[in-house]
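According to TrEMBL, the feature active site, proton donor maps to Tyr48. Per TrEMBL, the feature substrate binding site maps to His113. Look at TrEMBL and you will find 17-264 tagged as domain 'NADP-dependent oxidoreductase'. Per TrEMBL, site 'Lowers pKa of active site Tyr' is recorded for Lys79.
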Amino acid sequence: MLAKIVKLNNGLTIPFMGLGTWELTNAAEVVKEALKAGYRCIDTAVLYGNERSCAEGIKQWISEDPANNRRQDVYYITKLWTNQMGYEKAKKAIAECLDRIQGLEYIDLLLIHAPTPGKQMRLETYKAIQEAVDAGVVKSIGVSNYGIAHVKELLSWPGLKHKPVANEIEVSPWCMRQELCDYCLSQDIQVIAFAPFSHANRINDPDAVSIAEKKGVTPAQVLIRWSVQKGYIPIPKTKTLSRLPTNLDVLSFELSKEELAQLDHPDVHDPSDWEVTTCP
Ligand SMILES: NC(=O)C1=CN([C@@H]2O[C@H](COP(=O)(O)OP(=O)(O)OC[C@H]3O[C@@H](n4cnc5c(N)ncnc54)[C@H](OP(=O)(O)O)[C@@H]3O)[C@@H](O)[C@H]2O)C=CC1
Ligand SMILES: O=C1Nc2ccccc2C1=O
């Protein structure tokens, strides 16, 4: 039986999957409906331009039933964009993130969106986000799109005070990143798996479709379940309200070892978005 929450290396927990919000223009509505359907983790970013709207959806959900829908039951993730890196810029950017979600009080997980601006910027930014944890306005911190070398750089940095709890990276059967995922998990860093459908490019994959038909579920559920069974935290996106409950319903069935192997494509590396895990 898979747990609905995953323990982080700082003792806190994160829901077993989340809702992606990239390109959601009606984020408030989708987020509120997702929470009503049972989602408890929302992934946004400064880049997406919808942090305010995501927060609005969370606040609306809380206000509909404040006795049962509580702030602490929702896990809110956001990310600093590459032009907000560097110590001073990151400090300012964190204040702006908090300002946009007024009423939610804190960010559950703040990530550095990408390693691209270079070592000095990465570590200066990390210093700033560590201070946000010390100030109590951010509960956990982590990274995104970091490769093994970037994670090692951070773990061996003398200034490290709060270990990253997660690395958000693209992972799907067509972008398995086995070495990177294994390395993160070996360091007790959770893998948040973005683009589990490879941006919908792979939703009609014949293997996913045939396994789905056999089990009476959708190919999307099969791909999300693949990620969960690998030990990752998938964050599929949908703007289609009717897809929210089925995408979340992945704990009621199981993929066999053979089915997992049928889906695996260890020799394929086909990222759907960007590939920056190997940048200097
Ligand atoms: N840290 C980073 O650098 C990155 C992070 N991310 C995060 O990961 C999230 C997920 O990745 P994303 O790129 O959105 O791609 P996904 O792999 O989640 O695919 C989303 C697409 O799948 C479609 N879809 C969703 N559910 C179903 C279903 N049940 N049946 C058929 N089609 C379906 C959606 O269509 P529709 O919406 O029309 O229903 C949409 O077109 C992002 O939203 C973002 O939060 C993504 C990329 C980079
Ligand atoms: O969700 C995302 N989609 C993207 C496309 C390009 C770069 C970053 C991202 C995201 O974070």
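Cβ atoms are placed via backbone N, Cα and C, with glycine included.
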Lys79 (site 'Lowers pKa of active site Tyr'): secondary structure state under DSSP, collapsed to three categories: strand
All-chain count of other Cβ atoms within 10 Å of His113 (substrate binding site): 22
Reduced DSSP assignment, His113 (substrate binding site): coil
